[in-house]
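Student: Take a look at what TrEMBL says about it:
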BINDING   16-27, Leu56, Glu77, 121-122, Arg139  S-adenosyl-L-methionine binding site
Amino acid sequence: ADIWSQKDRVVTEEEWLQKWEMGNIGFHKKQGHPLLQKYLDVLLNGRNGLRIFFPLCGKAVEMKWLADMGHSVVGVEVSEQALKEFFAEHNLPYCEEPVPEISGAKKLQSTSGNICLYCCSIYDLSSSIVGKFDGVWDRGALVAVNPCDRQRYASLMITLMEKNSSYLLVTVSYDPNKHKGPPFYVAESEIKSLFG
Ligand code: SAH
């Protein structure tokens, strides 16, 4: 397989917003991801009350699962519609406020306080704005990032991780000559070089 066939593919922010508007969101899993259940112990590693990050979160129901277990969840997503659908579909009241450090960004926070979703590009975030995390659930995130931005994405994620954090990553394996993505194909060797 030619792993380079997708390297110049770009999906713009505008195109993502359009997918949400059109309801073209085949990536959304209503039932939640079985691999999170399977590897939950690896993520938590016996710890309670973790700060868990959901990059490119969409309206992932796993955010509700982890919040209900007593963890504090932070997500980032460019589509405000996605975030509003998340709160609405779980009947969660929330409040909205600007993020002083990021022009145009909003923060949507559950009234209970344990789910905080940033509406902006992930590349606008830094640890001085969102802090560091004990765990990351990366599903539909690295594989949704434009191939040309992978290095930047991985470097940023590393800066957002606490020393003893765990990172669960879901990728997809297929012949990149046959589908244009997203999800993009990320070879295991590339994951190793991105994250070390
Ligand atoms: N992780 C989610 C969504 C996967 S689809 C899930 O498992 O269901 C990828 C999501 O990333 C889309 O909702 C898209 O709107 C969002 N997105 C794309 N580029 C982004 C960026 N630069 N910053 C934040 N969100 C982004």
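The backbone N, Cα and C atoms fix where each Cβ goes, and this holds for glycine too.
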Student: DSSP secondary structure for Ile25 (S-adenosyl-L-methionine binding site), reduced to helix/strand/coil, please.
Tutor: coil
Student: Output: those binding-site residues from Lys19, Met22, Leu56 whose CB lies less than 6 Å from an atom of ligand 1, in sequence order; none if no residue fits.
Tutor: Leu56
Student: Which of the three DSSP-derived classes (helix, strand, coil) applies to Leu56 (S-adenosyl-L-methionine binding site)?
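Tutor: Where Leu56 (S-adenosyl-L-methionine binding site) sits, the three-state DSSP reduction gives coil.
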Student: Could you list the residues of the same chain, at least six apart in sequence, whose Cβ is under 8 A from the Cβ of Lys19 (S-adenosyl-L-methionine binding site)?
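Tutor: Looking at Cβ-Cβ distances below 8 Å from Lys19 (S-adenosyl-L-methionine binding site), excluding near sequence neighbours, one finds Ile25.
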Student: What residues, ordered by sequence, lie under 8 A Cβ-to-Cβ from Trp16 (S-adenosyl-L-methionine binding site) and sit at least six positions away in the same chain?
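Tutor: Val78, Ser79 - these are the non-local Cβ neighbours of Trp16 (S-adenosyl-L-methionine binding site), listed in sequence order.
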Student: Which number gives the other C-beta atoms within 10 angstroms of the C-beta of Ile25 (S-adenosyl-L-methionine binding site), all protein chains shown included?
Tutor: 16
Student: Within 10 Å of its Cβ, which one of these binding-site residues (Met22, Leu56) has the largest number of other Cβ atoms?
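Tutor: Neighbour-count leader: Leu56.
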Student: List every residue in the same chain as Ile122 (S-adenosyl-L-methionine binding site), at least 6 positions away in sequence, whose Cβ is under 8 Å from its Cβ.
Tutor: Pro55, Leu56, Val76, Tyr153, Leu156
